[in-house]
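K.L.:
Below: one structure in structure tokens.
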Number of protein chains: 4
Amino acid sequence: MSWNGFGRVFRFTTWGESHGPAIGAVVDGCPPGIALSEADIQPWLDRRRPGQSRFTTQRREPDEVRILSGVFEGRTTGTPISLMIENVDQRSKDYSEVANAYRPGHADYAYDAKYGFRDHRGGGRSSARETASRVAAGAVARLVIPQVRVRAWVEAIGGDAIDFQQFDDAEIDRNPFFCPDAEAARRWEGLVDDARKRGSSLGAVVACEATGVPAGWGAPLYAKLDSELAAACMGVNAVKGVEIGDGFAAAASSGEANADPMRSGPDGPVFLANHAGGIAGGISTGQPIRLRVAFKPTSSILTPVETVTRGGADAEIATKGRHDPCVGIRGVPVIEAMVTLVLADQALLHRAQCG
Amino acid sequence: MSWNGFGRVFRFTTWGESHGPAIGAVVDGCPPGIALSEADIQPWLDRRRPGQSRFTTQRREPDEVRILSGVFEGRTTGTPISLMIENVDQRSKDYSEVANAYRPGHADYAYDAKYGFRDHRGGGRSSARETASRVAAGAVARLVIPQVRVRAWVEAIGGDAIDFQQFDDAEIDRNPFFCPDAEAARRWEGLVDDARKRGSSLGAVVACEATGVPAGWGAPLYAKLDSELAAACMGVNAVKGVEIGDGFAAAASSGEANADPMRSGPDGPVFLANHAGGIAGGISTGQPIRLRVAFKPTSSILTPVETVTRGGADAEIATKGRHDPCVGIRGVPVIEAMVTLVLADQALLHRAQCG
Amino acid sequence: MSWNGFGRVFRFTTWGESHGPAIGAVVDGCPPGIALSEADIQPWLDRRRPGQSRFTTQRREPDEVRILSGVFEGRTTGTPISLMIENVDQRSKDYSEVANAYRPGHADYAYDAKYGFRDHRGGGRSSARETASRVAAGAVARLVIPQVRVRAWVEAIGGDAIDFQQFDDAEIDRNPFFCPDAEAARRWEGLVDDARKRGSSLGAVVACEATGVPAGWGAPLYAKLDSELAAACMGVNAVKGVEIGDGFAAAASSGEANADPMRSGPDGPVFLANHAGGIAGGISTGQPIRLRVAFKPTSSILTPVETVTRGGADAEIATKGRHDPCVGIRGVPVIEAMVTLVLADQALLHRAQCG
Amino acid sequence: MSWNGFGRVFRFTTWGESHGPAIGAVVDGCPPGIALSEADIQPWLDRRRPGQSRFTTQRREPDEVRILSGVFEGRTTGTPISLMIENVDQRSKDYSEVANAYRPGHADYAYDAKYGFRDHRGGGRSSARETASRVAAGAVARLVIPQVRVRAWVEAIGGDAIDFQQFDDAEIDRNPFFCPDAEAARRWEGLVDDARKRGSSLGAVVACEATGVPAGWGAPLYAKLDSELAAACMGVNAVKGVEIGDGFAAAASSGEANADPMRSGPDGPVFLANHAGGIAGGISTGQPIRLRVAFKPTSSILTPVETVTRGGADAEIATKGRHDPCVGIRGVPVIEAMVTLVLADQALLHRAQCG
């Protein structure tokens, strides 16, 4: 029930600020006997790591994870797994202006209103840097449900969407946008470059699919699988919308068009469609879980915006620092992590109640 | 952390099935000394009550709530408030067919896959009937935060949206669609009638606004206000999407267009826009909280759909029973209740940590 | 995390006051497919029922339980089980004096200090009547772990202890004291009668043993089995002490005397002693779980005690009403229920993490 | 609801093993604006530190705490406070024998039975070393409720109790036993030396008092103050019993002897006794909170004890390593920490519900 933890029986708690000495996560409730080393986590952190292309923040963080507990002789012991990532490339001087004036769209004003006080360096706790902890925890979760494959990608940037006919899973790892459509990736180079040069930023839609989830996961009514996924994704920085399956398109549909008809198959029922995104009544149906997430444009931009100071005076603010021109891009590994964390938790919850 | 409870310090747990003797909710953590009687709850239940127009299910339930505990001499005592609503108009015979064949889009198959067993009468626990318990609990939550006004309405049915120029708050209570646009309400009569007659159903978009929420509510990072709202709304039957503020439109926007510029005002900062829906960094900003929710079309329809039986044979199913042609309509009081419940919980959580 | 619920995955929430219309419990997280009817619960409630001998309160309550949800065709469905017991024999007029003056040792003053307000009728929520809800929930828990036998008894009343040489399990159900020593039971008749006639009351020690618990239950470090049992028992009205195994006697012992030596046996290790009460490192060892609980004397007594009124004046109070001369006696089925509830929860938690 | 966290709104999670690189705690829910630095925590860790006298383990750990997050410019920010203590003086070779044979009374067998696997070095997660994390978290909790003074001491070792007539609070800090009776401290030197030389160990009783707690803290019925304290203390390594107020002595008492009579006073009611230990109905009464805790003798002893090996063969085990001859002594700062953590949590919970 803590403010900074997530999950019910497979649970993680994160800590750390953008410009503190380190960030980290404590993963609690992991089953024992799972082979785990830093090498299982590092590749996922590397996917999210900043500074890998000109389309993400130029902060250079090695993001090297250390496992401080919970593993003995290469296997999990069932006790808490403490993961730590040191912060290396902080430049706190960049943030002097932010200390006094609020960046519109950012958490600055709200944190001051809540706590009367905030660590302004790099956004402090509200920085997207915290999501590295989520990715590290998510890498552990993957090992809990090895039968499940969770895969996310960018589906649109600044309103420019991919062509689903061109969808190529392998392409996702070949371009700096996690874009499954090579042609769209080329267009986005110009689009994001242009935004960056203008001191602007762009929003994005990230889609995620989980295959290999058996029918029966999810805990109605108040830990429904879709509800848990929505909470997990909406809690990621800059996310403002979540859809399961057809989402808002279903709201414009009719009962017969939106039904996912079933036919018998050799290994149980076969669905002829997946409008529901693999979840009915809050429980997985055995179809792929599908969801889409809306990331707003990065709110820290060079273009000056009207604001007020802590003292209450009108001002303009242009956020210098080093920021992602499209924070949704690096949201891909984060959404994957959150979806995996929910599924691992629900897998264990299901086992608790239903054996 | 239970399956059927929601909330952190202002918490409720619901119980009951569509065709059992009763349904109910236990509200725990309510502050003491609040004036409360059945008369404070009943009007909200009446708004949600079935059978009030031909556009909702014809099941006739008086939905009379009884307070069984937690109130003494007309005031809450700080102990659990038990709310019970008896089921009166069950007709279980209508559901014989559902016992053996799965309604596509409904929870039938998923419940069987999870529990190996289900109460098929009227959908059992997965029935929208359960939402009456939410509305009853939400009515208590309203009294905890009397300074907040939570108001929802239907914004679109089957893809036909209201004209925001015609928005009239008073109109919401004047038509059977909770529609703020009188002209749209007239169109929807034909639309929904037509769907009903065809044995079809329609999806809907419900919007909700909460005014009077001060800056500072919300508990980052894993109980962010937007995350809690998303969980609360996505957990309502038939909901497949949630947007905070501009939601998916923000994903197609740019940093400067999506910023909510601030100017100084006599009573603190004034925002010149509200793309963020009143939440930044997971914390309320003092602006109105705004969200939109996508309801899929009712999955129980008279139009036959391909399915399989429990025994694994191909079949067709046409769901007779009595169903809402557009379940999103009665979703309005439910979304209001869920939003109110989240806000009351966050109000108390904020007081716990920040005094 | 609610105030009135207990358990982590097998969880129950209780509601209701001594003189309200009813009391009840909602059991959440129960596995599906378990045969359950009122007949499985009623015998345990009957054991706890008041008015069965002159050694307990003369309030006459049938304590008939109704199952309002969660069971279909005689089996649990995996959804919340709502249990309700109507209050029948309230006599609120008995409590007029209590409304104005605090009974020392009772919750009266503390509730007023906390809530500024209280339901004084029969102690309201703080009444031992609430424990009927615990017993009903505990009866469901028994069915979740049928391999476990939980058995409690009274070991001492007012300092007069049983002779362990005379321990006879069958005797527990033959006398009104749940006393395993027939001779002690005879002595206690005089002891308790005498206290009752003097307008006094007596404390008691209740012991409990759970056999059939396999090695491995318990969730270190902060949901240790002994910690959960202590919380469960110390939360019962009038309990002021809990010991696991040798308890305080272990504090006067030495390492070698307190060790439970092990020898190999045909079915795994055999322990040669059980000072630890079946729990080591917070995890069950496969030996019987053993604990002892101290009940203070009933604080509602006819003997006048110095007190103050709500208005702050000195006064004397003699509590009339109908009270147990030794509340520990009826604590026996309550402690059994709480221990069973903890074990069922830990059984499911263990399955969640360790398969 | 995690396995390794404690608390409801002021919550901490610990991680780390005896022979891993470090141990630590994440404190979540701490109010913002509290002055905090390592200097506020270190003195409490120093009190618990091993190797300070010949009466505790000879392991030499500096136990230097680092604050890794949650503090900015010397004040708490309301975000998670990550505390880390590096392990310096591990000698894993000492534990080779423990890897194969179970120490009776220790967690060895139970961990293997639960997890199928364990980190045997120094007891791994089950080591008393983990309690340093509790003490560090407890030091933060003290700052949340500065009006409360929590003070513990040793009341008996191996059955030899202090003389309450000689109680001198200042003496507690003057001898290596946290003993308030100088004469008893002198006796214990011989007692503990003797046990140590014999390769034995001794149990102890620790008492704790919290003054300055206002009336009204505690959350009935399932987060009663006494229940929370019992859970917190019973979860500490080697604890086997907890009493609130008179505890088991109350079970041998009568209603009038056990009452705490009240008289009116200038600042509200005055109690004439404190049998209840400052808690009635699960809520603080404003009197000092008093409790006693039973520590069993250290189970790791040099005296050989019968046991079995992992392979199932009979064996004898004499635990070499470096162990406390009386683990209850260093339990004093740990019990203080746990009591403080519970009180801080309940202070915030009370504020949440009752303002």
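Every residue gets a Cβ built from N, Cα and C, even glycine.
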K.L.:
Given TrEMBL annotates A:ARG125, A:SER126, A:SER127, A:ASN237, A:ALA238, A:GLY281, A:LYS296, A:PRO297, A:THR298, A:SER299, A:SER300 as FMN-binding, which of A:ARG149, A:ARG151, A:ARG263, A:ARG322 belongs to that site as well?
P.N.:
A:ARG322
K.L.:
With DSSP assignments reduced to helix, strand and coil, which class does A:ALA238 (FMN binding site) get?
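P.N.:
Reduced to three states, the DSSP call for A:ALA238 (FMN binding site) is coil.
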K.L.:
Among all protein chains shown, how many Cβ atoms are found within 10 Å of the Cβ of A:ARG54 (NADP(+) binding site), not counting that one?
P.N.:
12
K.L.:
Could you find out if DSSP has A:SER127 (FMN binding site) as helix, strand or coil?
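P.N.:
A:SER127 (FMN binding site) sits in coil per DSSP, no helix or strand.
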K.L.:
Going by C-alpha distance, which of the binding-site residues A:ALA238, A:LYS296, A:SER300 is nearest to A:ARG54 (NADP(+) binding site)?
P.N.:
A:SER300
K.L.:
Please give the FMN site's span as the largest CA-CA distance among A:ARG125, A:SER126, A:SER127, A:ASN237, A:ALA238, A:GLY281, A:LYS296, A:PRO297, A:THR298, A:SER299, A:SER300, A:ARG322, to the nearest whole angstrom.
P.N.:
44
K.L.:
Inside 10 Å of the Cβ of A:LYS296 (FMN binding site), count up the other Cβ atoms and send me the figure.
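P.N.:
The Cβ of A:LYS296 (FMN binding site) has 33 Cβ neighbours within 10 Å.
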K.L.:
Using a 10 angstroms cut-off on Cβ to Cβ distances, just flag whichever of A:ARG48, A:ARG125 is the loneliest among these binding-site residues.
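P.N.:
Comparing Cβ neighbour counts within 10 Å for the binding-site residues A:ARG48, A:ARG125 gives A:ARG48.
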K.L.:
So of A:SER127, A:THR298, A:SER300, which of the binding-site residues has the fewest other Cβ atoms within 10 Å around its own Cβ?
P.N.:
A:SER127
K.L.:
Roughly how many Å lie between the Cα atoms of A:ARG48 (NADP(+) binding site) and A:SER300 (FMN binding site), rounded to a whole value?
P.N.:
19
K.L.:
When C-beta separations to chain B are restricted to under 8 angstroms, which of the binding-site residues A:ARG48, A:ARG54, A:SER127, A:ALA238, A:LYS296 qualify?
P.N.:
A:LYS296
K.L.:
Chain D sits near which of the binding-site residues A:ARG48, A:ARG125, A:SER127, A:ALA238, A:LYS296, A:SER300, counting only a Cβ gap under 8 Å?
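P.N.:
Listed binding-site residues meeting the cut-off: A:ARG125.
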